[in-house]
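The domain 'Methyltransferase' annotation in TrEMBL covers 132-191. The S-adenosyl-L-methionine binding site feature in TrEMBL is assigned to G135, T136, G137, S138, G139, D158, W187, N204. Look at TrEMBL and you will find N204, P205, P206, Y207 tagged as substrate binding site.
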Amino acid sequence: MKTDVSGLALWQWRLDARKAAVEVDVSVTEVDWLLQEVAGIDSLSLRLESFKERSQIELPYPLSVLSEIWQERLDNRTPVQYLAGVTPWRNFSLKVSPAVLIPRPETEYIIDIAVEAIKNSPIPELELGEWVDLGTGSGAIALGLAEVFNSAKIHAVDYSPDALAIAKLNAENLGLEERIQFYQGSWFSPLLALKGKLSGMVSNPPYIPSSEIPQLQPEVANHEPHIALDGGIDGLDSIRYLIETAPDYLRPGGIWLIEMMAGQADTVVKLLQEQGSYCQIQIYPDLAGINRFALAYLKLA
Ligand code: GLN
């Protein structure tokens, strides 16, 4: 139900929404983000408040509905990305729903690490091969890989059929659906035919210790899928599994690349070393300086 509102009315709405946000300690920048997504107002005219001068701004629904959405954000601590149904990630606008973890800005960097990793790989032409994103969720990592490795074949696995539906939608919206094959199942289990063939495995697995999940901010703890967060007692269940299983699926020289939590890097390096099949193990920090990513290569036979 499209509605036109005056710039002044929307400016007043923004002011009220910002005040309400401050009261409950929600970032006021989220108001602008919602206005960008819903009303298509660019960030500069929000910053300069020049949208206030416009006589008409088209909204997809009445201002009262926008108020209800914002109230829901503040009262229930629903992530604004779920309410808008989208999130920016790298240069994509990705559809999200409560069936998928909201892709985080820090995870964007894993794609750049994969590109870097290829340059240092002990074998050539990895970018032409087969890559897998395990626990793809919204499809973010698979889509990022498809974009940067434009000759690779990308496989994306998720346990949740609802998540896969979102991931497929994102692939279609970005015109990348021909490049990615989707599978429902647990980790490597749908990929038996690819044993020994993968050039790279990339994953942002669940890595938060179960007991820490209730203490996360309510936006995460009460709204995001726990299957995407819960890494068992010490948070490392999935990562241990990926360390143990990937050597069966990677080709010699193939890349093993994951995201992890602050404080896990030392243990992950130790587990990779103890497994015995990996070489050139490296840790990469995220932009906040937290050791966030682990990279290794399968030893050449
Ligand atoms: N980075 C996410 C968070 O902090 C967790 C994602 C994950 O467990 N892979 O909420």
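Using the three backbone atoms N, Cα and C, a Cβ is placed for every residue, glycine included.
As the structure is a computational prediction, the values presented were derived from the model and not from experiment.
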Cβ within 8 Å of the mean position of the Cβ atoms of N204, P205, P206, Y207: remaining residues of the chain near substrate: G135, S203, I208, A228, L229, G231, S238, I239, I258, E259, M260
Entries of G135, T136, G137, D158, P206, Y207 (binding-site residues) sitting next to ligand 1, with Cβ under 6 Å as the cut-off: P206, Y207
Most Cβ neighbours inside 10 Å, all chains, among the binding-site residues T136, N204: T136
P205, P206, Y207 filtered to the binding-site residues whose C-alpha is within 10 Å of G135 (S-adenosyl-L-methionine binding site): P205, P206
For P206 (substrate binding site): DSSP state (helix, strand, coil): coil
Residue pair S138 (S-adenosyl-L-methionine binding site), P205 (substrate binding site) - Cα distance, angstrom, rounded: 13
Secondary structure tally of the domain 'Methyltransferase' (132-191) (DSSP, helix then strand then coil): 25 helix, 14 strand, 21 coil
Count of other CB atoms lying within 10 Å of the CB belonging to G137 (S-adenosyl-L-methionine binding site): 29
All-chain count of other Cβ atoms within 10 Å of G139 (S-adenosyl-L-methionine binding site): 33
Proximal residue to G139 (S-adenosyl-L-methionine binding site) among binding-site residues P205, P206, Y207 (C-alpha distance): P205
Pairwise Cα distance for P206 (substrate binding site)/G137 (S-adenosyl-L-methionine binding site) [Å, integer]: 11
Same-chain residues at least 6 apart in sequence whose Cβ lies under 8 Å from W187 (S-adenosyl-L-methionine binding site): L134, G135, V157, S238, Y241, L242, T245
